[in-house]
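A short write-up of the structure that comes next.
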Amino acid sequence: MAEAARFVLWPGYTGRRVLSRGAAAIVVLAAMLVHAGCLALVVGPLWLAARASGVLPAADIPADSLAASPLAFLVIAPLLEELLFRGWLTGRAAALRFAAFGFGALALLLAGQWWPEHARALGLAGAATAATGLVWWGVTRRRDTAVPRWFAARFAVIVWGSAILFGLIHLGNFRALESAAGLVVVAPQVLGGMILAYLRTRLGLASAIAYHAGYNALFVLAGG
C-alpha cells in the first residue's frame with residue numbers, strides 16, 4: 001500500500017512488472033485502498049465543498065447519446081482511454097511514437113469541436129492519424145524497445161501530466177465552467193488517472209483497462 005501511495009504522490013519509473021498472482025492481488029488491493037482513501041480524505045471533501053459553493057458545473061451528456069450508453073462506459077471508454085493515456089507508459093520508443101500519433105489524433109478531433117464546419121474533415125484526419133500510428137507501432141514494436149533516458153528521468157512529471165490531461169478531457173461531460181474552481185469537478189478523474197497509471201506500470205495494460213471498466217460499472221450502479 002505504501003508503494004501505491006508513493007506512486008500517486010510522485011511516480012517512480014520501473015521497467016519490471018509484477019508476475020506472480022499473489023503479488024498482483026496485493027497490487028490491486030493496494031490500488032483500491034489508496035484510491036478509496038484519497039477519494040474519502042482529499043478529493044471527496046474538495047468536490048463536496050465546491051458543489052456547496054455552487055461552482056461545480058452540471059453534467060451535460062445527452063441521455064440518448066453514445067457517450068451515455070453502457071457500451072461507452074464499460075467498453076469503449078476504458079479501452080480507448082487506457083490506450084491513449086497509459087498504453088505508452090512502458091516508455092519504449094515504439095509506444096511513445098504511437099502515443100504521439102494518438103495525441104495528434106485527439107487534437108484533431110477536439111479541433112472539430114471548435115470548428116464544427118470542418119468537423120468531418122478533421123475527424124477523418126484524426127482517424128487517419130490514429131490508424132497510421134497503429135500500423136507503425138505494429139511494425140516497430142518488437143524492434144524499438146529501448147526506453148529513452150529522458151522518459152525515466154521525467155517519469156513523474158509525465159505521469160502527472162497525463163493524469164491531468166485525462167481529467168481535463170472529461171470537462172466535455174459538463175457544462176461550461178463559470179469559475180476556475182469548477183475544475184475540481186474532474187479531480188476524481190485525475191486521481192483515477194494516477195491509480196490507473198500505477199496498475200498499468202505494475203501489472204500491464206489489461207489490468208488498467210479492467211480496473212477502469214470496473215470503476216465505471218460501480219459509478220453507473222451508484223447512479224452516477
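Quick reminder: no glycine exception, Cβ is built from N, Cα and C everywhere.
As recorded in TrEMBL, the features of this protein are as follows:
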- 23-47: transmembrane segment (TRANSMEM)
- 67-85: transmembrane segment (TRANSMEM)
- 69-218: domain 'CAAX prenyl protease 2/Lysostaphin resistance protein A-like' (DOMAIN)
- 94-115: transmembrane segment (TRANSMEM)
- 121-139: transmembrane segment (TRANSMEM)
- 151-174: transmembrane segment (TRANSMEM)
- 180-199: transmembrane segment (TRANSMEM)
So what's the average pLDDT for the domain 'CAAX prenyl protease 2/Lysostaphin resistance protein A-like' (69-218)? 95
Can you say which of 94-115, 151-174, 180-199 has the most Cβ pairs under 8 Å with the transmembrane segment (23-47)? 180-199
